[in-house]
């Protein structure tokens, strides 16, 4: 049985993993194998930007981003909610079920898990999530199921909102008092010699950015991870799904990527 000291684990799943059934099968297979031996509770939070991009292209609708966040016109949110809370969520649920897991598909709104408000009028139907009531989610976890949660939420007035998946994962982890791992294409942050940096704070990250060690798209990932650690008030981890043999170590509380430290 799991040590009582291990809090639930929230895994934010992103990057190319969402579009690769083999990668997903390796991830869910590792979760199934781990949970046969240990009882740590695991939650998946996902986005699905690639599905939205494909949908927008098919419908010949422009994709506009502001400061890295997708602008979501209110007349498009039903389509985007369908892609994320519908297609992406059910594809993940289906793969998890095929790999032997009792998976349940949810959104941020279910059971009042997260409270969502409009983030910025210029972004349209884009929401900011804050931790809400985790009782329904905890009941599902206690039943031995794997919740798979999309980053679609509802305001108190019932308005659909698209929430950045990293930020959604922070809110879910906050509601559950859980450890958070952002699982993506990258193994973490590398130093100038290509070695994995085990932990990073804002001051160290600023120095690496100034020294051109952290560049381009990685700057956005690093700043988002540090912001997530600050929001959650505890260290979070960025790790990769590329090495399934390492995933069970991650589930057991061992660091396999870069730990981002709150200020």
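Including glycine, each Cβ sits where the backbone N, Cα and C put it.
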Substrate binding in Swiss-Prot involves 48, 49, 70; of 162, 201, 230, 246, the partner in that site is 162
Going along the chain, which residues six or more apart from residue 48 (substrate binding site) have their CB under 8 A from its CB?
-> 18, 83, 84, 87, 88, 150, 165
May I have the list of same-chain residues other than 48, 49, 70, 162 whose Cβ is within 8 Å of the Cβ centroid of the recorded substrate site, in sequence order?
-> 47, 51, 52, 72, 80, 83, 84, 151, 165
For substrate, whose listed binding residues are 48, 49, 70, 162, the greatest C-alpha pairwise distance in Å | 12
Take the Cβ of residue 49 (substrate binding site) and count every other Cβ within 10 Å, whichever protein chain it belongs to.
-> 20
